[in-house]
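Feature annotations, reproduced from Swiss-Prot:
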- 630-808: domain 'STAS' (DOMAIN)
- ASN51: N-linked glycosylation site (CARBOHYD)
- ASN93: N-linked glycosylation site (CARBOHYD)
- ASN358: N-linked glycosylation site (CARBOHYD)
- ASN391: N-linked glycosylation site (CARBOHYD)
- ASN630: N-linked glycosylation site (CARBOHYD)
- ASN653: N-linked glycosylation site (CARBOHYD)
- ASN718: N-linked glycosylation site (CARBOHYD)
- 94-114: transmembrane segment (TRANSMEM)
- 116-136: transmembrane segment (TRANSMEM)
- 148-168: transmembrane segment (TRANSMEM)
- 173-193: transmembrane segment (TRANSMEM)
- 206-226: transmembrane segment (TRANSMEM)
- 234-254: transmembrane segment (TRANSMEM)
- 292-312: transmembrane segment (TRANSMEM)
- 332-352: transmembrane segment (TRANSMEM)
- 395-415: transmembrane segment (TRANSMEM)
- 428-448: transmembrane segment (TRANSMEM)
- 468-488: transmembrane segment (TRANSMEM)
- 525-545: transmembrane segment (TRANSMEM)
Amino acid sequence: MSRKSSTEYVHNQEDADIEVFESEYRTYRESEAAENRDGLHNGDEENWKVNSSKQKFGVTKNELSDVLYDSIPAYEESTVTLKEYYDHSIKNNLTAKSAGSYLVSLFPIIKWFPHYNFTWGYADLVAGITVGCVLVPQSMSYAQIASLSPEYGLYSSFIGAFIYSLFATSKDVCIGPVAVMSLQTAKVIAEVLKKYPEDQTEVTAPIIATTLCLLCGIVATGLGILRLGFLVELISLNAVAGFMTGSAFNIIWGQIPALMGYNSLVNTREATYKVVINTLKHLPNTKLDAVFGLIPLVILYVWKWWCGTFGITLADRYYRNQPKVANRLKSFYFYAQAMRNAVVIVVFTAISWSITRNKSSKDRPISILGTVPSGLNEVGVMKIPDGLLSNMSSEIPASIIVLVLEHIAISKSFGRINDYKVVPDQELIAIGVTNLIGTFFHSYPATGSFSRSALKAKCNVRTPFSGVFTGGCVLLALYCLTDAFFFIPKATLSAVIIHAVSDLLTSYKTTWTFWKTNPLDCISFIVTVFITVFSSIENGIYFAMCWSCAMLLLKQAFPAGKFLGRVEVAEVLNPTVQEDIDAVISSNELPNELNKQVKSTVEVLPAPEYKFSVKWVPFDHGYSRELNINTTVRPPPPGVIVYRLGDSFTYVNCSRHYDIIFDRIKEETRRGQLITLRKKSDRPWNDPGEWKMPDSLKSLFKFKRHSATTNSDLPISNGSSNGETYEKPLLKVVCLDFSQVAQVDSTAVQSLVDLRKAVNRYADRQVEFHFAGIISPWIKRSLLSVKFGTTNEEYSDDSIIAGHSSFHVAKVLKDDVDYTDEDSRISTSYSNYETLCAATGTNLPFFHIDIPDFSKWDV
């Protein structure tokens with residue numbers, strides 16, 4: 001549609017009877033829509049196009065457009081300022097109210113605890129005790145992985161359960177010792193002890209573990225208070241799954257020597273593949289401990305299968321008509337499954353007591369846990385030995401990553417499953433404060449456990465307060481059951497560890513899902529697992545981080561920019577699909593009543609309505625699947641280049657965009673001033689023209705060249721198969737679609753300036769640069785600062801858009817009409833609109849809310 005420039009927009013038809021034209025225009029549109037519907041049903045493709053020369057009711061469509069749209073009031077769009085940004089994004093966060101809200105958010109318990117009731121309390125009590133019965137044996141087992149005494153696992157368990165309930169935003173997560181963090185703690189202890197003489201006693205494993213807990217707590221708390229939880233999102237899910245799987249594989253093979261009774265012969269701190277080799281090599285050294293390891297392991301798996309799968313299937317099969325009995329039986333199986341670790345340990349501890357009591361350590365036939373101090377004997381402020389922090393510094397990053405990633409991944413997962421919001425920043429504060437306070441009880445790093453959290457969720461826990469009951473169970477065990485802990489077989493604890501950690505192994509289904517979703521994710525997962533197994537857990541973690549960051553960088557550096565073509569489409573409202581219903585579903589297979597309903601539904605559909613528009617889609621739509629692959633995409637008018645940037649326009653990718661756009665311009669258009677040098681040797685090396693075979697080679701190979709004379713000074717484009725060439729058009733318009741650009745920077749804007757200079761020099765004229773779909777006011781500000789978007793004498797004077805300036809208009813509605821109501825909105829006629837206004841600034845003729853239809857322009 002031809003429009004005048006913004007300086008020439010005036011009301012030229014003030015005396016026209018607007019109401020008459022509005023009525024005529026509505027009648028015309030209704031008649032046109034009816035003709036289009038008839039044309040589509042008759043298969044006449046020409047009816048898709050609007051016949052602008054046809055007159056209806058004494059006025060043409062173009063005349064109506066002139067009356068209704070050509071005259072719009074000027075709208076001077078201003079650039080965004082720092083004050084506006086402050087008022088919009090910062091000001092509301094610096095008030096006393098926001099400060100109070102921030103302080104309250106640090107203690108989520110304030111919001112929900114006043115509503116606590118008996119129903120919640122009962123559910124939390126059941127869940128807390130159930131998880132506590134699992135946590136006690138697991139915590140002692142995981143302390144064994146961390147090369148610590150069992151009591152340190154109990155210390156970490158009870159303090160984690162108590163403190164986390166005050167700061168948590170997840171009701172399901174259970175804080176305490178976990179397998180992967182215990183393995184990382186053991187690695188840190190081993191690496192630090194290597195730096196000290198063997199005979200020193202000042203720096204011990206418990207001191208190193210507690211110091212690690214302190215440092216992890218400080219960092220996690222700081223990240224949470226500063227609201228830097230978004231940094232956790234930089235590591236992808238497949239990367240986390242990779243090092244978790246590798247770590248689980250490491251733990252399982254590290255526990256097999258203890259399971260078989262020859263753990264003193266295998267160094268489980270080596271690389272996993274070496275542990276596997278040495279474990280298999282020493283199988284002949286198996287002792288009686290294998291009985292207390294293999295049998296409990298088999299029992300645990302059979303118990304889990306029976307109570308979790310087979311028993312429930314039997315209940316559904318034999319009590320199908322008795323749902324209450326079936327539900328009670330399922331509840332019994334559920335709690336029986338939850339208690340399997342505790343029951344197995346109790347049974348085999350009793351057997352161990354019967355064969356090891358009143359015997360010295362040398363005479364005992366199996367290895368047992370030994371003395372576990374009763375109560376909280378280690379409470380107090382710890383003293384950090386000199387030089388310990390510097391010796392631990394290299395181990396801190398990997399430890400913090402394991403601590404934070406595992407917890408955030410678990411909490412967000414259960415938040416999605418159980419429909420509540422988890423705040424990552426607050427969760428960082430929760431685990432940070434938990435570990436900070438844990439240092440006073442000489443605990444080692446604790447974080448969220450997946451298996452215990454899943455159990456807690458299945459117990460229908462209602463609030464985080466259930467952690468208090470869980471901590472109470474652990475505290476009760478510390479004071480009352482330590483004498484019984486003395487006789488727990490170490491092989492049985494290893495069986496419990498293997499059984500629990502095996503759930504961390506990623507299944508083949510998840511791996512296949514990674515492959516189907518994104519093959520690169522699957523590759524990173526597999527490589528991370530191999531690095532963790534054949535090198536170390538730290539290297540696996542660092543590779544996972546580097547891979548995630550590299551993928552982000554590569555996606556930015558190699559943008560998915562697309563050159564666009566146009567296609568005319570129509571949105572069909574209430575279409576009548578022309579297909580045989582029987583081909584989809586046989587009406588003979590439907591009941592008569594339902595069959596009548598289906599037929600009646602098809603018959604009462606309203607008449608289709610069409611909304612025509614021009615859409616810009618990539619030329620490779622067959623690959624991108626943005627459009628039906630059978631649709632033909634027409635190129636822009638000659639001399640017009642339309643390019644869509646697929647991501648943010650920054651210093652990382654601006655050079656690549658520059659090259660892609662300028663190469664396409666040289667391919668599709670010709671120079672504005674032809675090179676007419678007499679000698680071919682005088683042409684520039686980067687534009688030598690068409691290559692001609694020397695006469696000697698022609699005679700040698702009897703090469704027959706086409707005799708048609710061509711101008712060698714013209715750039716050669718894609719010709720037809722018979723060797724003919726054509727003269728390419730001059731470049732007139734470059735349109736950049738910024739609808740997917742979230743931000744720009746100074747380097748990228750400067751590359752646009754350089755592109756404009758190069759293009760103007762190549763075309764030997766001022767070329768129009770149009771921008772569509774800009775979604776940020778700061779992008780507009782950046783472009784305007786270098787004289788894009790508006791007319792100026794240097795790059796784009798008024799003459800280059802004379803006769804074809806384009807603006808989108810919007811309809812301003814009256815205040816007395818409820819446009820949120822569907823019926824009111826449909827029944828509202830054009831006369832209910834108050835006026836028309838420019839959708840974008842009339843002072844910015846090169847900025848558009850959508851890509852203009854350049855085929856209507858007189859360029």
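Placement of Cβ uses the backbone N, Cα and C atoms for every residue, glycine included.
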Tally every other Cβ atom lying within 10 Å of the Cβ atom of ASN358 (N-linked glycosylation site).
5
Which entry in the list of glycosylation sites, ASN93, ASN391, ASN630, ASN653, has its Cβ near the fewest other Cβ atoms, using 10 Å as the limit?
ASN630
If contact means at least 3 Cβ pairs within less than 8 Å, sequence distance 6 or more, would you call the transmembrane segment (173-193) and the transmembrane segment (525-545) in contact?
yes
Does the transmembrane segment (148-168) come close to the transmembrane segment (468-488), meaning at least 3 CB pairs under 8 Å for residues 6 or more apart?
yes
Intrachain neighbours beyond the transmembrane segment (332-352), with Cβ under 8 angstroms and 6 or more residues off its ends:
130, 133-134, 136-138, 292, 295-296, 299-300, 303-304, 306-308, 311-312, 315, 366, 368, 455, 458-459, 484, 487-489, 492-493, 495-496, 499-500
Pairwise CA distance, ASN630 (N-linked glycosylation site) versus ASN653 (N-linked glycosylation site), rounded so that it is a whole Å:
32
Local backbone state of ASN358 (N-linked glycosylation site), from DSSP in three classes:
coil
Across the domain 'STAS' (630-808), what does the mean pLDDT come to, as a whole number?
79
Determine whether the transmembrane segment (428-448) and the transmembrane segment (395-415) share at least three Cβ pairs under 8 Å, counting only pairs 6 or more apart in sequence.
yes
Count the CB pairs under 8 A between the transmembrane segment (525-545) and each of 116-136, 148-168, 395-415, then give me the winner.
395-415
Out of ASN93, ASN391, ASN653, point to the one nearest ASN358 (N-linked glycosylation site) in space (Cα versus Cα); all of them are glycosylation sites in the record.
ASN391
Where ASN391 (N-linked glycosylation site) and ASN653 (N-linked glycosylation site) are concerned, what is their Cα separation in Å, rounded?
41
By a Cβ-Cβ criterion of under 8 Å, what residues six or more beyond either terminus of the transmembrane segment (206-226) are in contact with it?
146, 148-149, 152, 156, 185, 188-189, 192-193, 382, 384-385, 388-389, 392, 395-396, 399-400, 403-404, 425-436, 438-439, 442-446
For ASN630 (N-linked glycosylation site), what is the secondary structure state per DSSP, taken as helix, strand or coil?
coil
How many Å lie between the Cα of ASN93 (N-linked glycosylation site) and the Cα of ASN653 (N-linked glycosylation site)?
34
What three-state secondary structure does DSSP assign to ASN653 (N-linked glycosylation site)?
coil
